[in-house]
2 protein chains.
Amino acid sequence: MTAQEDTTALDKLNSALNSGAFQQVRFTLNSTLRPVEVAHLLEKSPPKERQILWNLIHPENEGKVLQYLADDIQADILSKMDADRLLAITETLDTDDVADVLQQLPERITRELLQIMDQQNRERIEEILAYPEDTAGGLMNTDTVTIRPDITVETCLRYIRRHNEIPEMTDSLFVVSRKKNSYIGTLPLTKLLVSDPEITIREIMNTDIKPIPADMPDDKVASLFEKHDLVSAPVINKSGKLLGRITIDDVVDVIREDADHSLMSMAGLDEDEDTFAPLLKTTRRRAVWLGINLLTALLASSVIGLFQDTIDKVVALAVLMPIVASMGGIAGSQTLTLMIRGQALGHVERSNARWLLNRELLVSLLNGIIWAGVVAAVSMVWFSSQTIGIVIGLAIVINLIVGALAGTLLPLVLKAWGIDPALAGSVLLTTITDVVGFFAFLGLATYFYG
Amino acid sequence: MTAQEDTTALDKLNSALNSGAFQQVRFTLNSTLRPVEVAHLLEKSPPKERQILWNLIHPENEGKVLQYLADDIQADILSKMDADRLLAITETLDTDDVADVLQQLPERITRELLQIMDQQNRERIEEILAYPEDTAGGLMNTDTVTIRPDITVETCLRYIRRHNEIPEMTDSLFVVSRKKNSYIGTLPLTKLLVSDPEITIREIMNTDIKPIPADMPDDKVASLFEKHDLVSAPVINKSGKLLGRITIDDVVDVIREDADHSLMSMAGLDEDEDTFAPLLKTTRRRAVWLGINLLTALLASSVIGLFQDTIDKVVALAVLMPIVASMGGIAGSQTLTLMIRGQALGHVERSNARWLLNRELLVSLLNGIIWAGVVAAVSMVWFSSQTIGIVIGLAIVINLIVGALAGTLLPLVLKAWGIDPALAGSVLLTTITDVVGFFAFLGLATYFYG
């Protein structure tokens, strides 16, 4: 289904909803569309429509749709259900998907749910829940197909044929020891298909790729998948026992969320943010960010306040001062964004940070000279004063260099302190370029006009 | 290899380079590391080191390393080679990878290269080059394994065993007609392995998933892969002939680049931007963005210029005016970022844009009232004047609402006009919130104090 058809589907559903044709909508949601498409429709529906659509989904489909929803929306829907309904949903899902859903619930409710589950399910889910959501253990599924190393290709093929179905995204079988289920190697299906039937698995299995420890952070898992072009990979615990596997579809979600994280954080938003979050929730979240930025703005104003006498003398300063702050902010933001992307891609580290700092400082110096010249000329003509041109030119060069310094060093320092550069970096950078910009410009003016 | 080990590798290489141990570095680059890891090392090396490292790579490895490099760096390295060297590199690569490399070269050189290739290679490459890089045709590989629908599972297994090797990322075989090589269906290897040997391929093949037309844009391809959890998918031409296949590793690159695009564009950077681009190239690119933003700043200044008399009368206005512009800019940026991400995820369209606009306007009104109150109170106390509190409070409410309007409508209008909202949106938004912010604040002040 293309995006075009998908749009049409939403339009059709909307008009059907508006005309009250609930039967028709119910049929489309449960029989025509796949769960992932229903989830996408829910994600792009405003709260009221979303609620109506959700209520039209058959109980046995709810779980499948739920697992494709963004975390924010998932948590919202789950929070409105009672324990019985939640239990019914978990019964339609695979163990690892149940664990994903449980992670969106308050701990009290999770414990309650686990208690009413049967023992075998409870134990398997508790094992997965032991790993945080953003680690290999939290990402993994438990649907591995395992074989022993000492059997032949022919035996292996016969063993597989006894399965009615092999789990989706199975590109490899995992070879494990007979005793402790320890991971030994990987056997790609493509290798199995072209090998001599008489040969043993041990002779053809792949032992190059190291298994993934369950506590590896998910961004490291993603970079392993990208580097080695993996479709699936085995996950082991500390003693080497095979716990499960990670598949590329879940890794793609990690990659998308990590990439969205920088974009959204720089604007003070959460990468899980529901585009159609309701009014009050949105207002509350945005208010916090505006408040933080207000403090920044007040600080900048208080710097200007120090120079009221100078501005009183030369009102042209008030006209020109936003230019200095803005140029520094723009130059600094470019450096900051490049650094944050560089950190996300693993390009930036101690050994090359000095080179980056030098280049950014020189870029700012060169661009500072160019644009300071232009602004100085414009200001001189505008206000028929040479002094004001000199003052604004110098201030721009200073602020561009400070912008480059802050844009390069803030991400390094914040990261070393364990603070997210994408979230805190842009606010701090604007504070610095505003304060320095106003101080340099008005300070120099006070000196020249004083 | 984890990121940790990878860092150590760069440090080791650096100290080896510094101590002149070129033999050791050469060995590491050509025998220890995989091409994708060498590419990553090159990407995170400043230009001089990058050049030295590149020169230490064996000619027969150059092509493999090259295909993993970011477009910007690839183009840079290729531009320094003569036709003979380029031809030698293309001879070590698969046809589809040659096409990728050729797309980084000026057309004149591409034509020259194609002329000195042998005819068969030329024809195959020209077929791929006919499709733009950002379409399914540009993404596809030609290494498909195809079978006929009328053979049995057993015959199929025997046919496959005759291959020495099946291409990487092969999770499915493609079923094609005997005559025109038309695509008929897909046979997952997992299905093949569990099926009755006597049954024919036609009975078990999958015809649910539609093949991808070669001219489909790459972001649509990515969303198909995400929706259907695909590992590989067939690509066909207009008449239904199977041309090749797209694999998930190439789709992951598309997803990462698309996600990076919004982040980088909002700061006026290119998503392919080389983190370690040399000084002058960087300066030139940044200068353009600073110039555009300078026009914005000058426009804002000229608005302030209109109210010089008022500022001359009440200098407190100069102190407070950046607060109004800044709050509007921050609020607008949050809306803009949410909209741009929503457009990228396919959440925003005509049918729900009105709801989004209403919510954003109400959020801004509520937050406007809250923060306008705070700022008004602070200003009244600071400058012991009730009038200035009323003026700044009103101006903030106005500018926050304008920020919400601009943040919601700009992405919709720009996209409809075919302009990239991520690139143009933030500049235009700042222009609007600066101009309106200063105009509203100083205009109201002129009215109240006039």
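Positions of Cβ are set from backbone N, Cα and C atoms, glycine also.
Bear in mind that the values here come from a model prediction, so they are computed numbers and not experimental data.
Look at TrEMBL and you will find B:205-263 tagged as domain 'CBS'.
TrEMBL lists B:287-308 (among others) with the feature transmembrane segment. Using a Cβ-Cβ cut-off under 8 Å and counting only residues 6 or more beyond its ends in the same chain, the transmembrane segment (B:287-308) has close neighbours at 267-269, 317, 321, 325, 427, 430-431, 434-435, 438-439, 442-443, 445-446.
For B:314-340 (among others), the entry in TrEMBL reads transmembrane segment. Long-range neighbours of the transmembrane segment (B:314-340) within the same chain, counting only residues 6 or more positions beyond its ends whose Cβ lies under 8 Å from a Cβ of the stretch, are 262, 266, 300, 304, 307, 348, 356, 360, 364, 367, 371, 375, 379, 382-383, 385, 388, 392, 395-396, 399-400, 402-404, 406-408, 410-412, 421-422, 425-426, 429-430, 432-434, 436-438, 440-442, 445, 449.
What TrEMBL lists as transmembrane segment is B:361-382 (among others). Sequence-distant contacts of the transmembrane segment (B:361-382) (same chain, six or more residues past either end, CB-CB distance under 8 Å): 316, 320, 323, 327, 331, 335, 388-390, 392-394, 396-397, 400-401, 403-405, 408.
Tertiary neighbourhood of the transmembrane segment (B:388-414): same-chain residues 314, 316-317, 320, 323-325, 327-336, 338-340, 343, 348, 353, 356-357, 360-361, 363-365, 367-369, 371-373, 375-377, 379-380, 420-421, 424-425, 428-429, 432-433, 436-437, 440-441, 444-445, 448, selected by CB-CB distance under 8 Å and a gap of 6+ residues from either end. Taken from TrEMBL, the feature transmembrane segment covers B:388-414 (among others).
Sequence-remote contacts of a segment are chain residues at least 6 beyond its ends whose Cβ falls under 8 Å from one of its Cβ atoms, and for the transmembrane segment (B:426-449) they are 266-268, 292-293, 296-297, 299-300, 303-304, 306-307, 309-311, 313-314, 317, 320-321, 324-329, 332-333, 336, 387-388, 390-392, 394-395, 398-399, 402-403, 406-407, 410, 414. Annotation comment: TrEMBL describes B:426-449 (among others) as transmembrane segment.
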| note | Residues in the domain 'CBS' (B:205-263) per DSSP class, helix first, strand next, coil last, are 27 helix, 16 strand, 16 coil
| message | Can you give me the average pLDDT across the domain 'CBS' (B:205-263), rounded to a whole number? | response | 91
